Amino acid sequence: MLVNQFLFLGAILFCIGIYGVLARKNAVLVLMSIELILNACNINLVAFGAMWHANDVSNMSGQVFALFVIAIAAAEVGVGLAIVLLIYRNRQSIDVNDVDLLKG
Amino acid sequence: MPELLDKVWIVPAIMALSFLIILFFGKRAGTRATAGIGIAAVSLCLLFSVVVAGQWINRVNNPPTGEKLAQDIVKANGLTPQNAEDVEAEANAATHDSGETAATASGTPTVTPIALELASTGAESAAGATASEEHGSGEHGSVPPVVRTVTWFQMGGISFEAGTLVDGLTAMMLITVCIISLLVHIYSTEYLRGDIRYTHYYAFLSLFTASMLFYVMSSNTLQMLVGWELVGVCSFGLIGHWWEEKKNSDAALKAFLTNRVGDMGLIIGVAITFFAAGANSFNVLHINEYALSGAANTTLLLVGGLCLFGGVTSKSGQFPLHTWLPDAMAGPTPVSALIHAATMVVAGVYLIARLYGVFFAGLGIGSSSLHYVAFIGGFTTIIGGLLAFVQTDLKKVLAYSTISQLGYMVMALGVGAWTAGVFHLFTHAFFKACLFLGAGSVSHACHHTFDMREMGGLRKKMPITHATFLAATLALAGIFPLAGFWSKDEILAGASSGQESAYTLMLVFGLITAFMTAAYMGRAYWMTFWGNYRGHAKPHESPKVITVPLIILAACAVFLGFTNFPTNFFGLKLPGGFTTRFEHYVEPTFAFPPLQHAEFTPWLAIASTVLAAAGFFLVYQYYAKNRGPHGLTGRSGLARAGYGFLENKYYLDTIYTDGIAGATKGPLARASNWVNQNVLDGVVNGVGTVARVSAGFVYKDIDQLVVDGAVNGSGSVSEGAGQFLRRIQTGKVQQYASILFAGAVVLAGVFVFVI
């Protein structure tokens, strides 16, 4: 089994995610792009896990790791959306460029 | 009756407690209560001491078996003293099956009848063998002293111990100190009535007694040093009791400082004997035992013995450090009695007696031509006795008599007559205390003067004082059958026939002193109690509080000599249970050199008594009958010179103050001044100049340039860096993220292409 298709998919997803994080102004879309990056990683993990242990069904470490990442992503989205919601309440805007209070 | 021999620490503890109570509550409690506390405490101590002595006598009569067994075990295994305790405990468990086994755990008090590698039983023990021979019936072999120690502190792998050691000598000293102290306490209630520092006086009296009791029961030399110094401090406080007069505080200082000279010797001696003891021990039994074993370095022992003897010289008023003792008369008379009879001055004699092994082996008593101890003692008896003739102060006559008698004791110890010396200490304590308290009684009646020229004819006015004083005088002069006769005679016998019969010079010294003692005491007696009253007061007999102690002491002075009745007194042979009891119970049989015991020598007894009688007779002719060459000092230049020589105390004080102190202080001051002006000031000024110049350099070049430059430079650098870096910090999250990704890309590139 070749993993390169999976890796290509992962790389594409990762690049889309990077673009979203760096280029989008909407904070919700930035969060969504971060989800894309995490899922690109998940694909890689599962793919490599399946490749290295194709003959050993009992070893599921890659898949299990992906499950951990999904759980952490859910938590991260929860916190991130709460922050976005509060920013919106205070400023009536969710443009990440407007939130620059730490400017030196 | 509980076993008190290993619990004697209670005795000084009682006195220390009494000291604290009087010190803190005495003023509030009032004079009667103060004296009451002191007297009650001493009485209790006396009771305990008597019990201790009784138990010691019992121990000598029934020598212990369990401990002997222990010694045998120790000896067989050749164990070190540390292990010996365990073995001994085993032995005790085997024989006694008593509570003593519980004491083996380290740190807990252990009852240790010191079990050394010493040959302890039978013919192997030189001391034991001598003792058995001496007593014929072999009443007792070797009776080890009762030693109880606790670990005081540990340092450098050596454990320093504190403890009590009880043998016949300790028991004897306990009783002597307690009796004299008790009588002095009682006597002082009257003598010091209305004194401004009454509480202070009683507090110090308690502490004095406590220190002396602590000293005599010490089991090691370090502890003895503590007791010794405590005694010195107390004597300082009591001699200077009336310190408002400069003379008195000077006397206290002189006593203290003169003792410091000897104390240096003592401290060095203690250190040397510590190393000379082989096992690095302060324990007196270890030291004695090792010194006598022949394994010790003789040079070390010689130097150690000489240093220790330096301490004895100052404390016990031996030539040439005796000069403080007459000045110590500045204190209240009961204190003089205490100092001169039972405490303080006998501490030195006790030190020789206690560390006899060191003196015996180190200074070659009875074996070499170096009779250092005996010679100093003998010389002191003569010079002390001579000085007593020219004193007009009754107390000073007694003070010089004390010096003379202390010399007698030291001489006895120096010729190897241990028992004789200690026995003389014992008897002397009582009659000298009686004489001092008698002098105090006389002074109490005569407007507090001690000048014999203002006395006379007191015989009829103070009959009790007169009778007791006469008894004590005769005892001191050694008239048969009073206490002094027996002890003095033993010393003379010891000098004539004890070790090697080599002490002819000491015998001559002793006989001369016997004559002189009678003469000067006769002089003092006649000047005080006979003739016509020359003073201005109205003398009267003292109250009972004063006379009763006098009567008790006089009784002791009369009868105590019989405690060491000789075995063969002019053919009179009493049963064994009545003769030489003192020697039997007091002389150590453990870690003690093998001594020859002199037999009673009839011709010496007769000679000394005749000499004493002759002394009395001559003085009687001179003072009472007014015969002989009166006014000789006015006619003969030689007599005047001799008198002046004596009156100025051999110019020793002059030598000390003018000669040593005076000659050194002038040049020393000039030299110090020169050093100060040239060396010290030069150094100080030089240091100042150098400091100023270097400070200028430091300010200009280092502080301004380097330090300030560094501080300012770092400030401007960080400001510039901040100005640059603030441009990067835009607050825009996505800019940060792009830098982060760029960094990640660079790192990935490095990983892929470089590594």
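The backbone N, Cα and C atoms fix where each Cβ goes, glycine too.
Long-range Cβ contacts of the transmembrane segment (B:6-25) within its own chain (Cβ-Cβ under 8 Å, at least 6 residues beyond either end) map to 34, 37-38, 40-42, 44-45, 48-49, 52, 111, 146-148, 164, 166, 170, 174, 178, 199, 202-204, 206-207, 209-211, 213-214, 217. Annotated transmembrane segment per TrEMBL: B:6-25 (among others), in sequence order.
Residues or ranges marked as transmembrane segment by TrEMBL: B:37-57 (among others).
The average per-residue pLDDT of the prediction over the domain 'NADH-Ubiquinone oxidoreductase (complex I) chain 5 N-terminal' (B:152-202) is 84, rounded to a whole number. What TrEMBL lists as domain 'NADH-Ubiquinone oxidoreductase (complex I) chain 5 N-terminal' is B:152-202.
Counting only same-chain residues 6+ beyond the ends of the transmembrane segment (B:199-218), those with a CB under 8 A from a CB of the stretch are 8-9, 11-13, 15-16, 18-19, 22-23, 26-27, 31, 34-35, 37-38, 41-42, 45, 163-166, 169-170, 173-174, 177-178, 181, 184-185, 188, 192, 224, 226-228, 230-231, 233-235, 237-238, 241, 284, 332, 335, 338, 342-344, 347, 350. The transmembrane segment annotation in TrEMBL covers B:199-218 (among others).
The feature domain 'NADH:quinone oxidoreductase/Mrp antiporter transmembrane' is assigned by TrEMBL to B:218-517.
Residues or ranges marked as transmembrane segment in TrEMBL: B:224-243 (among others). Beyond its flanks by at least six residues, the transmembrane segment (B:224-243) meets 197, 200-201, 204-205, 207-208, 210-212, 214-216, 218, 249, 251-253, 255-256, 259, 263, 266-267, 270, 284, 311, 315, 327-328, 330-332, 335, 338-339, 343-344, 347, 351, 354 of its own chain at Cβ-Cβ distances under 8 Å.
Under the heading transmembrane segment, TrEMBL lists B:264-284 (among others).
Annotation source TrEMBL lists transmembrane segment at B:335-357 (among others).
For the transmembrane segment (B:369-390), the residues of the chain that approach it from at least six positions outside its boundaries are 306, 309, 313, 317-319, 322, 326, 352, 359, 363, 396-397, 400-415, 495, 502-503, 505-506, 509-510, 512-513, 516-517, 519-520, 523-524, 643, 646-647, 649-650, judged by C-beta separation under 8 angstroms. Among the features that TrEMBL reports, transmembrane segment is placed at B:369-390 (among others).
Under the heading transmembrane segment, TrEMBL lists B:397-419 (among others).
For B:506-526 (among others), the entry in TrEMBL reads transmembrane segment. Using a Cβ-Cβ cut-off under 8 Å and counting only residues 6 or more beyond its ends in the same chain, the transmembrane segment (B:506-526) has close neighbours at 371, 374-375, 377-379, 381-382, 385-386, 388-389, 394, 397-398, 400-401, 404-405, 407-408, 411, 414-415, 452, 469-470, 473, 476-479, 488, 491-492, 495-496, 607-608, 611-616, 618-620, 622-624.
Long-range contacts of the transmembrane segment (B:546-565) within its own chain (CB-CB distance under 8 A, at least 6 residues past either end) are made by residues 179, 183-184, 186-187, 190-191, 419, 423, 426-427, 430-431, 433-434, 437-438, 440-441, 444, 464-465, 467-469, 471-472, 475, 481-487, 490, 574, 578-583. As annotated by TrEMBL, transmembrane segment applies to B:546-565 (among others).
Sequence-distant contacts of the transmembrane segment (B:600-620) (same chain, six or more residues past either end, CB-CB distance under 8 Å): 477-480, 485, 488-489, 492-493, 496-497, 510-511, 514-520, 522-523, 526, 566-570, 628. Marked as transmembrane segment by TrEMBL: B:600-620 (among others).
What TrEMBL lists as transmembrane segment is B:736-754 (among others).
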Residues of the parent chain within Cβ reach of the transmembrane segment (B:37-57), under 8 Å, 6 or more residues beyond its termini: 1, 3-5, 8, 10-11, 14-15, 17-18, 21-22, 26, 29, 166-168, 171-172, 174-175, 177-179, 181-182, 185-186, 189, 202, 205-206, 209, 213, 585
Secondary structure content of the domain 'NADH-Ubiquinone oxidoreductase (complex I) chain 5 N-terminal' (B:152-202), with strand meaning DSSP E or B: 29 helix, 13 strand, 9 coil
